[in-house]
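Engineer: Feature list, courtesy of TrEMBL:
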TRANSMEM  6-22  transmembrane segment
COMPBIAS  34-53  compositional bias 'Basic and acidic residues'
REGION    34-61  region 'Disordered'
Amino acid sequence: MPPLVLIALGVMGGAALVRFAMKESRRINRELDEAREQAVSEQTDAVRLRRDPQTGTYRPH
């Protein structure tokens, strides 16, 4: 009977570990998604440049 108890405890511990890992991965992905959204919004605020054919320099569009 004790081996069965040890196996059951091992399975329960493994399930708890998997659950913890899933929660952490979701939390980290949520933080990364928020950071990506902020980066995209900052990129849209950037000034677009266009090449001036006469001088060869780039100027705001």
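All positions are counted from 1 along the displayed chain.
Cβ atoms here come from the backbone N, Cα and C positions, even for glycine.
Note that the structure is a prediction, hence the values are computed from the model and not measured.
Describe the structural context of these features.
Structural biologist: Packing against the compositional bias 'Basic and acidic residues' (34-53) from elsewhere in the chain are residues 59-61: each is 6 or more residues past its ends and has a CB under 8 Å from a CB in it.
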Engineer: Tell me the residue counts in helix, strand and coil for the compositional bias 'Basic and acidic residues' (34-53), as DSSP assigns them.
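Structural biologist: For that range the per-state counts are 11 helix, 3 strand, 6 coil.
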